[in-house]
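Pulled from Swiss-Prot:
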type     : residues : note
SIGNAL   : 1-29     : signal peptide
REPEAT   : 51-95    : repeat 'Kelch 1'
REPEAT   : 97-149   : repeat 'Kelch 2'
REPEAT   : 151-184  : repeat 'Kelch 3'
REPEAT   : 185-230  : repeat 'Kelch 4'
REPEAT   : 233-282  : repeat 'Kelch 5'
ACT_SITE : Glu239   : active site, proton acceptor
REPEAT   : 304-353  : repeat 'Kelch 6'
REPEAT   : 355-384  : repeat 'Kelch 7'
Amino acid sequence: MGMQMKNFKKMMTLMALCLSVAITTSGYATTLPDIPEPLKNGTGAIDNNGVIYVGLGTAGTSWYKIDLKKQHKDWERIKSFPGGAREQSVSVFLNDELYVFGGVGKKNSESPLQVYSDVYKYSPVKNTWQKVDTISPVGLTGHTGVKLNETMVLITGGVNEHIFDKYFIDIEAADESEKNKVIYNYFNKPAKDYFFNKIVFIYNAKENTWKNAGELPGAGTAGSSSVMENNFLMLINGELKPGLRTDVIYRAMWDNDKLTWLKNSQLPPSPGEQQQEGLAGAFSGYSHGVLLVGGGANFPGAKQNYTNGKFYSHEGINKKWRDEVYGLVNGHWQYMGKMKQPLGYGVSVSYGDEVFLIGGENAKGKPVSSVTSFTMRDGNLLIK
């Protein structure tokens, strides 16, 4: 998409889990074939029958599925997404249909990149997509979501669509001599000036309604990971502003249609590092009661720069894709070991006690088609 996409990808780059454990590769874990095409900044979900669906992002409008219950597991292409190519959407299964919320993309070849607030759903039985007659209360990009039950999904976080959209409008309108000024002015602001979304929304697919369920107990984030287990919600890290992460993990209990916030926690520093920068685009999921968080990316030193008053906190810092894995064991976060390679911005899907890491972006910023998994087994973290 020319210079506009170049700036968009730069923006996505910037935004954009003590137990004694052993890291091994294991024959116990399920082995899945690579996705038919590399995938980063995509989305995915699993249905109640053990079928995983992934698509969008660098796959364009393509979607694929794989049945985990079949003896011979292969990816199959399903009907293409009708809403246009987009990145950073969120998807969940509700009422046996795949719902896709928001994202960022171009409506046509001439339009600027923009945040979407639309919703689509896919019927596995009919192999058809349908645009849902609703729009989200705010634009949804950099948001995160978790399924609450068969009819409701919780969605929170994400960028401010007006500020985000204006950046790309300004970049497109600027000549070459002005672009660096536009970029600097956009990034050189305190976190509060980006107005990342901190409202928690509940969408009810049966009633096709949205509900305000309150606000996050701290700052809004973008690029956070989220998981739900036994009615406990975990919102993991994310960006406070472009280039600046947080190491905070929000925890809440969902009970009687009400969200009650509990005490926050923090990821520990990586071995050899003085502080935890926090992660955006990390993989996450539960295995045998242990919450595992791995991969993602950050800008080492950005947090200290921001503390020192430098608002363009990641200026001049190379983005670092992470390979560390952390685990929440008996209420305490611990460093568990390393992934096969640094990776972030892929799709996390849990099935039983396996957490599948599908696609992602490698340390060169390129999308990958690999599928790996985390599993806790007999006190060991198994990586397949």
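All positions are counted from 1 along the displayed chain.
From the backbone N, Cα and C atoms, a Cβ is placed for every residue, glycine too.
Within the chain carrying the repeat 'Kelch 7' (355-384), a Cβ under 8 angstroms from the stretch's Cβ atoms is held by residues 13, 17, 19-26, 28-42, 44, 52, 54, 57-58, 281, 283-290, 292, 294-295, 297, 319, 321, 325, 327, 336-337, 339-349, all 6 or more beyond its ends. In this chain, the repeat 'Kelch 5' (233-282) lies in contact with the repeat 'Kelch 2' (97-149); the count of Cβ pairs under 8 Å, excluding pairs fewer than 6 apart in sequence, is at least 3. The repeat 'Kelch 1' (51-95) makes no contact with the repeat 'Kelch 5' (233-282), as judged by fewer than three Cβ pairs under 8 Å among residues 6 or more apart in sequence. Counting every protein chain shown, 29 other Cβ atoms lie within 10 Å of the Cβ of the residue listed as 'active site, proton acceptor'. Counting residues of the repeat 'Kelch 2' (97-149) by DSSP class, helix then strand then coil, yields 0 helix, 32 strand, 21 coil. With helix defined as DSSP H, G or I and strand as E or B, the repeat 'Kelch 4' (185-230) counts 7 helix, 19 strand, 20 coil.
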